[in-house]
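Novice: Got these off TrEMBL a minute ago, pasting:
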TRANSMEM  12-33  transmembrane segment
TRANSMEM  39-58  transmembrane segment
TRANSMEM  79-103  transmembrane segment
TRANSMEM  175-197  transmembrane segment
TRANSMEM  213-233  transmembrane segment
TRANSMEM  253-276  transmembrane segment
TRANSMEM  288-309  transmembrane segment
TRANSMEM  321-343  transmembrane segment
TRANSMEM  355-375  transmembrane segment
TRANSMEM  381-401  transmembrane segment
TRANSMEM  413-435  transmembrane segment
TRANSMEM  441-461  transmembrane segment
Amino acid sequence: MIRRFFRDSAIYTIPSILSYGISFFLIPLYTRVLTPSDYGALDMITVFGSLIALTVALEISQGVSRFYLDEKTDDGKKILVSTALWFTVLMFTAFLIAAFAFAPELSLIVIGTSGLDDVFRLGVIFIWMNGLFYLLRNQLRFELRSEAYSIVSTVQSLTTAGASVLLAYVFHFGIYGFLTGMIIGTAAGVFLGLYYLKTTFQLRFDLTKLKTMLAFSVPIVPSSIAVFVSMYIDRLMINYYLSLEEVGLYGIGYRLASVSTLVLVGFQMALTPLIYKHYQEPETPHQLAAIFRTFLAIVIVIFLILSLFADVALRILTTPAYYAASQVVVFLVPAVLLSQMYIFAPGIGISKKTYLFILINVGGAILNIFFNWMLIPQIGYVGAGVATLIGYACVFAAYMYCSQKLYYVPHDWGAIAGVVLVAAALVTIGLHIHLELYIDLLIRGCLILLMPGVFSFFGILNWKEIVHVRDLVPTRWNQR
């Protein structure tokens, strides 16, 4: 399993690096074409789209992921995924019609400002298209077709970037150009995904299979809504207590922090299907522990880099109106990582105890709301970053605790805690040193260079393990 994991993880990460890289280097364009208020409006549409993605199709993709490999015949698999596709098309089309009918009212609720009805309608079209794109990409992942997944994602990212730059910057369409570019790019991804899956999807619909998938996925919806609340309550409450301008600043900080998820995407896309396929094998828990240690070492280094150099990055990439966003990055980097690290706690999914998803995520959402309510009025949008970090840390701890009870993985929690505490201390030191700029940068760089020794001291990684991981990917490539 571990060889296939590292090979697929590398392939899944390639389009993610491209996508986030494009997104990262578009920040100068965003910040020169859009005001913080415009960026805040775009962020609120994104928030709304995330809620719709979780609820409209009733998380049918989760049902596909759980039962696809259980189907014993190719015909059974095709009926299953075709049923999911047509159900998704039906539900998102119903949403599209309803959203267009009530666009003025919904626009005011979602964005919080009147006069942006057309912006909202463009956002709704993108949300509809993205719902289909999400299902198609997931299907490529369930079929373990990592190369096709990579190509589809890359085409979508490049087309989106090209169209957005052309329409927003060259033709000066502003936020309308960005949204139209997103629609064009996602449409390209949908058509290419359908091409790759032309032998998978058919004009077939099985009500029994739909009921089976929904019986698994519908109980996840409240949990997903709770996840949504945890992810986006910060922006909603910033918009409520402060303004769209602060939402825009927070959004830029979040975009920079999200670069940290580059490595996570590869792990996430490759790991889940392989766990479901190999979890009964006795060596899988030990391999999962090794993968987690590798992941931890990578993301801690990324955390130090982004946290210590956020101010420099924003001065290079943005305008003075956005510089203040750097102060929230140190909290958002670990927050966005923790929000996705449930993949290393597979016990709940393996045991099919989905009610635990609901309990954990609802609890996390309540904590997130409480801390946002407490902190935003006191310390502004930085308080939202602190609240988000606390909430996700609690959720991850609960996931891991329950998972370990249901599917034990031999993690060395003492070593993990030691490495995390040292990394936090180094970031704190680096951010409180204020000398000449070049001296500050030199000291921060030296702090980062201390981490390999820290990993070695705590036994997170050793040379033999690094060599083993290095050898896995080429070996798997040669087996293709």
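Every residue, even glycine, has its Cβ placed from backbone N, Cα and C.
Just so you know, TrEMBL annotations are computer predictions that nobody has curated.
Each of these features: where is it, how hidden is it, and who are its neighbours?
Specialist: Residues 30-31, 87-88, 91-92, 94-95, 110-113, 116, 119-120, 123, 126-127, 130-131, 134-135, 175, 178-179, 214, 217-218, 221, 224-225, 227-228, 231-232, 235-236, 239, 243-248, 250-252 of the same chain lie 6 or more positions beyond the ends of the transmembrane segment (39-58) yet place their CB under 8 Å from a CB of it.
Beyond its flanks by at least six residues, the transmembrane segment (79-103) meets 52, 56-58, 60-61, 63-64, 67-68, 71, 117, 120-121, 124-125, 127-128, 131-132, 135, 139, 142, 200-206, 209-210, 213 of its own chain at Cβ-Cβ distances under 8 Å.
Counting same-chain residues at least six beyond the ends of the transmembrane segment (213-233), those with a Cβ under 8 angstroms from any Cβ of the stretch are 47, 50-51, 54-55, 58-64, 66-67, 80, 83-84, 339, 352, 354-355, 357-358, 360-362, 364-365, 368-369, 372, 388, 391-392, 395.
Sequence-distant contacts of the transmembrane segment (355-375) (same chain, six or more residues past either end, CB-CB distance under 8 Å): 219-220, 222-227, 229-230, 233-234, 237, 348, 383-384, 386-388, 390-392, 394-395, 398-399, 402.
Within its own chain, the transmembrane segment (381-401) has Cβ neighbours under 8 Å at 230, 234-235, 237-238, 242, 246-247, 249-250, 253, 327-328, 330-332, 334-335, 338-339, 341-342, 344-345, 348, 360-361, 363-365, 367-368, 371-372, 374-375, counting only residues six or more beyond its boundaries.
Beyond the transmembrane segment (413-435), the same-chain residues lying 6 or more positions past its ends with a Cβ under 8 Å from any Cβ of the stretch are 296-297, 300, 303-304, 307-308, 330, 443-444, 447-448, 450-451, 454-455, 458-460.
Residues of the same chain lying 6 or more positions beyond the ends of the transmembrane segment (441-461) and with a Cβ under 8 Å from any Cβ of it are 293-294, 296-297, 300-301, 304-305, 308-309, 312, 412, 415-416, 418-419, 422-423, 426-427, 429-430, 433, 435.
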